[in-house]
Structure formats: C-alpha cells, structure tokens
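Chemist: Quick paste from Swiss-Prot:
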- Cys97-Cys189: disulfide bond (DISULFID)
- Asn5: N-linked glycosylation site (CARBOHYD)
- Asn195: N-linked glycosylation site (CARBOHYD)
- 1-25: topological domain 'Extracellular' (TOPO_DOM)
- 47-54: topological domain 'Cytoplasmic' (TOPO_DOM)
- 76-99: topological domain 'Extracellular' (TOPO_DOM)
- 121-139: topological domain 'Cytoplasmic' (TOPO_DOM)
- 161-196: topological domain 'Extracellular' (TOPO_DOM)
- 218-237: topological domain 'Cytoplasmic' (TOPO_DOM)
- 259-271: topological domain 'Extracellular' (TOPO_DOM)
- 293-311: topological domain 'Cytoplasmic' (TOPO_DOM)
- 26-46: transmembrane segment (TRANSMEM)
- 55-75: transmembrane segment (TRANSMEM)
- 100-120: transmembrane segment (TRANSMEM)
- 140-160: transmembrane segment (TRANSMEM)
- 197-217: transmembrane segment (TRANSMEM)
- 238-258: transmembrane segment (TRANSMEM)
- 272-292: transmembrane segment (TRANSMEM)
Amino acid sequence: MGKENCTTVAEFILLGLSDVPELRVCLFLLFLLIYGVTLLANLGMTALIQVSSRLHTPVYFFLSHLSFVDFCYSSIIVPKMLANIFNKDKAISFLGCMVQFYLFCTCGVTEVFLLAVMAYDRFVAICNPLLYMVTMSQKLRVELTSCCYFCGTVCSLIHSSLALRILFYRSNVINHFFCDLPPLLSLACSDVTVNETLLFLVATLNESVTIMIILTSYLLILTTILKIHSAESRHKAFSTCASHLTAITVSHGTILYIYCRPSSGNSGDVDKVATVFYTVVIPMLNPLIYSLRNKDVNKALRKVMGSKIHS
C-alpha cells in the first residue's frame, strides 16, 4: 500500500451490524431488550448474592464476579451500538476506540478464565463434597478470582500497547459494531504481523488452557454422576452440567472462530454475527443459565422479595 493512501486518524467510523434502514427499529428494540435483561439479570444476581447469607458460598462468590464482568462486558459495547443505529455520525474517537478495545479485551479474557475456575469449583463440589468448603477457602477464592482479572488485564495491555504503535491507516471506516482488534489491524498501513501473531498465540493459549481445565473438570464430574444411584439426582446433575456446557460451548466456539484463525483480519458479516453471540447474547444468558433452576437462588429471591413486601 502506497504511503500516499495512508494517514493518521483522529476518529473511526463504526459501520455497525446493518445499514438497511428498514432494520433499524427492529435491531434497536431487540438489542435494547437484550441489554435491559442483561442489566437486570446480572446486577440483580450480584445484589442478591450480596444481601442473602444463604448464597455466601464459593459457587456464588464466583457467580457474582461472572455477573459483574458480564455487566461490564455488555455495557462497554451495547450502549454505543444502540446509539449508532440511528446516528448518521457513527464516529468514535481514536482514544475512545482504544479504551473500548482495552476494556472489552480485559472483560473477555477475565470471563474465559472465570468460567474455567467455576468448572473447577463444580468439580470440587460434586466429586469431593465433604472437603468442598475447606478446599475452596476464602483465600483460594480471592486468589483464583484475582488471577482471572490479572490475566485479563495483562492480555489487554499487550494487545492495546501494540495497537497504539500503529500510526497510519488506509481508512478510518471499521466494518464492525465496536472497536475490535482484527478489523482495526485490517486497516493498518504498517506491518502488523507481530500484532496478528500475538493475537493468535495469546488467544489460542488462553483457550487451550481454559478448555483443558473445563473438559477435565466436567469429565471427572460425569464419572462421579454415573456412580450416583438415584435416577432423579443423576438427571438433575446431568441437566445442570448440560446447561453450563451449552453456554461455555457457544462462548468458546465463537472466540475460537474469531481469534484463533491466523490472519483473520477482515471482519465480514459472518464474523459480526458470530461476535454478537459472545458480546451481547452470552452476558444475558449466563446469569439465567447458572441460576434458573437453582433452588438456593429461588429461595433467596423469594425471601428477599417477601421481606420487601412485608416491610
């Protein structure tokens, strides 16, 4: 690419999901509804866990952090996406774009590791119930959660610092609904081989480590479940694990598709639709999947609602 076609940029233009005028209202209402449910479910779950002593256990400690990350995850992307649906000026400043990517990457990597930690927590709870509270001590819970946030922050700093070194772009139009790294790299004039290689390697390493932890945990859980004599208890355990694995599969599957392909620079329409699942849909589904059929959560919610009504 000739230097005459390259320039520094003060802002980027986000094309969004679709430029079809007839779809604007439908898309706006759909994503507004999803965002509303996401806020209500995740903030509600976090608040319920804090106020209910019944839920002061390791599994809900991790779930409260997952809900917090999902709330942040969604809030980083969806409000700007909703505003751009009707805005003629779909601009975002260069700094705003970099900040959005940094926060998005931090939350994304943190969530991936949190899901692995939660799978390990389920393994300890089901396979070693008598030692569960001793094994998953307050100290270990804090250390594991801190490690998740640390990994997210480090990965984000690596990618963001390298992205900030790109000075010239051949265009400022991003074919996406938020500032993600692959479409940004596709616009760069300079050599971004290091960026693309690191993105591929870091994403692949994170996915490999966390998927290995998750699969190992659930295989051991499955082995334990098969030894349960009660058909009802076995069915309950299977259904719970199946719902958890569904959420994990969708989340990890889309991440593998988007980021674990060498030189996946151009963000086409298929990539954007795939990205919607783990940036918009999964943050809404996670609190529902992890608590919908949970008796402890339902009892705690009824108790809190009952006390509010009678107060």
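Easy rule for this one: first residue shown is 1, then count along the chain.
Keep in mind that glycine also has a Cβ here, set from the backbone N, Cα and C atoms.
Help me picture where these features are in the structure shown.
Modeler: When secondary structure is read from DSSP and collapsed to three states, Cys189 (disulfide bond) falls in the coil class.
Under DSSP, Asn5 (N-linked glycosylation site) is assigned to a helix (H, G or I) in the three-state scheme.
Secondary structure at Asn195 (N-linked glycosylation site), as computed by DSSP, is helix.
Broken down by DSSP into helix, strand and coil, the topological domain 'Cytoplasmic' (47-54) contains 7 helix, 0 strand, 1 coil.
The average pLDDT computed for the topological domain 'Extracellular' (76-99) is 93.
Tertiary neighbourhood of the topological domain 'Cytoplasmic' (121-139): same-chain residues 57-59, 62, 216-218, 220-221, 224-225, 237, 241, 244, selected by CB-CB distance under 8 Å and a gap of 6+ residues from either end.
Same-chain neighbours of the transmembrane segment (55-75): 35, 38-39, 41-43, 45-46, 48-49, 103-104, 107-108, 110-111, 114-115, 117-118, 121-122, 125, 132-133, 136, 141, 144-145, 148, 279-280, 282-284, 286-287, 290-291, 296-297, 300, counting only residues six or more beyond its ends whose CB sits under 8 Å from a CB of the stretch.
Beyond the transmembrane segment (100-120), the same-chain residues lying 6 or more positions past its ends with a Cβ under 8 Å from any Cβ of the stretch are 59, 62-63, 65-66, 69-70, 72-73, 76-77, 80, 92, 144-145, 147-149, 151-153, 155-157, 159-160, 163, 178-181, 184, 206-207, 209-210, 213-214, 217-218, 244, 248, 251-252, 255, 278-279.
Proximity of distant same-chain residues to the transmembrane segment (140-160), defined by a Cβ-Cβ separation under 8 Å and at least 6 residues beyond the stretch ends, is recorded for 58, 61-62, 65, 98, 101-103, 105-111, 113-114, 117, 181, 195, 198-199, 202, 206.
With a cut-off of 8 Å between Cβ atoms, the residues of this chain six or more beyond the transmembrane segment (197-217) that come close are 109, 112-113, 115-116, 119-120, 122-123, 151, 155, 158-159, 162, 181-182, 185, 248, 252, 255-256, 259-263.
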Chemist: Of Asn5, Asn195, which of the glycosylation sites has the most Cβ neighbours inside 10 Å?
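Modeler: Result for the most crowded candidate: Asn195.
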Chemist: Report the member of Cys97, Cys189 (the disulfide-bonded residues) whose C-beta atom has the most other C-beta atoms within 10 angstroms.
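Modeler: Of the disulfide-bonded residues Cys97, Cys189, the highest Cβ count within 10 Å belongs to Cys97.
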Chemist: What does DSSP say about Cys97 (disulfide bond): helix, strand or coil?
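Modeler: DSSP assigns Cys97 (disulfide bond) to helix.
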Chemist: Between Asn5 (N-linked glycosylation site) and Cys97 (disulfide bond), find the distance joining the two CA atoms and give it rounded to the nearest Å.
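Modeler: Cα-Cα distance, Asn5 (N-linked glycosylation site) to Cys97 (disulfide bond): 22 Å.
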Chemist: Which sequence-distant residues neighbour the topological domain 'Extracellular' (1-25)? Criterion: at least 6 residues beyond either end, Cβ under 8 Å.
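Modeler: For the topological domain 'Extracellular' (1-25), the list is 80-81, 84-86, 90-94, 97, 167-170, 172-179, 189, 272-273, 276.
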Chemist: Would you kindly give the Cα-Cα distance separating Asn195 (N-linked glycosylation site) and Cys97 (disulfide bond), rounded to the nearest Å?
Modeler: 17
